[in-house]
Amino acid sequence: MLKLSRSANLRLVQLPAARLSGNGAKLLTQRGFFTVTRLWQSNGKKPLSRVPVGGTPIKDNGKVREGSIEFSTGKAIALFLAVGGALSYFFNREKRRLETQKEAEANRGYGKPSLGGPFHLEDMYGNEFTEKNLLGKFSIIYFGFSNCPDICPDELDKLGLWLNTLSSKYGITLQPLFITCDPARDSPAVLKEYLSDFHPSILGLTGTFDEVKNACKKYRVYFSTPPNVKPGQDYLVDHSIFFYLMDPEGQFVDALGRNYDEKTGVDKIVEHVKSYVPAEQRAKQKEAWYSFLFK
């Protein structure tokens, strides 16, 4: 029989199989050997004491403190809440963006008003201006006339506020266009003088009566002048009052009426600009694994 050393905490003792007796206890004969395992208390340490993972025991009247465990749990909860909040914000924002994008996609496919198309006009500097000049940038178009007493000036002032806010707050630049509905009186020089009182980026467009009529027809703009007007006679032109937002592909996006103020108008334009996806990128999205999001 092997002798245990008191300096050891754990010893394996092997005894030959035999029949033992004493104090009424019996050890049945078994084939081979059996192992007896004992824990020996040494150096004042308690067996099976719990020690924090990666740390040292903290003693307080013989008990392990739970402060480190509670602190770790608190940090985990805070991290979980922070990550959860960030993910919730991200997914909600992406959901709104995708919904707007899907709506724009649907408008391209069906149900979109047939607005826009080929036209030929002249700007207030004498340069040719066609629908091709709308490509590559967002444009906003307003139809009016220089002798308009109140509505046109009010709408152009509002457009100036939109342009300033879009540029300074969102870094968005639009191409603002003013197309006259009164080509008989609004020559390039007249438009240049008239628009000098408004935002400097607004470009005036005019043309012959037939050219202006064609442009108005393409955008479904109603306008009329009094019959039998004599040269030099003062008159008013009745016309539709809308801003037409066009995307960089020259496609109609939205029409903003007089109900849009300096804040809601900006919000609507920003929404459309941020949700716009170029044609090449749209084609890639339809082929990607997540294409079901756009259906």
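A Cβ is built for glycine as well, from the same backbone N, Cα and C atoms used for every other residue.
Values in this document were obtained by computation on a predicted structure and should not be read as measured data.
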Matching residue for the Cu cation site, where Swiss-Prot names Cys148, Cys152 - out of His199, His239:
His239
If you run the three-state DSSP split on Cys148 (Cu cation binding site), which class comes out?
coil
Excluding Cys148, Cys152, His239, which residues of the same chain place their Cβ within 8 Å of the centroid of the Cβ atoms of the recorded Cu cation site?
Phe143, Gly144, Phe145, Ile151, Glu155, Cys181, Val237, Ile241
Least buried by Cβ count (within 10 Å) of the binding-site residues Cys148, Cys152:
Cys148
I'd like the number of other C-beta atoms within 10 A of the C-beta of His239 (Cu cation binding site), please.
21
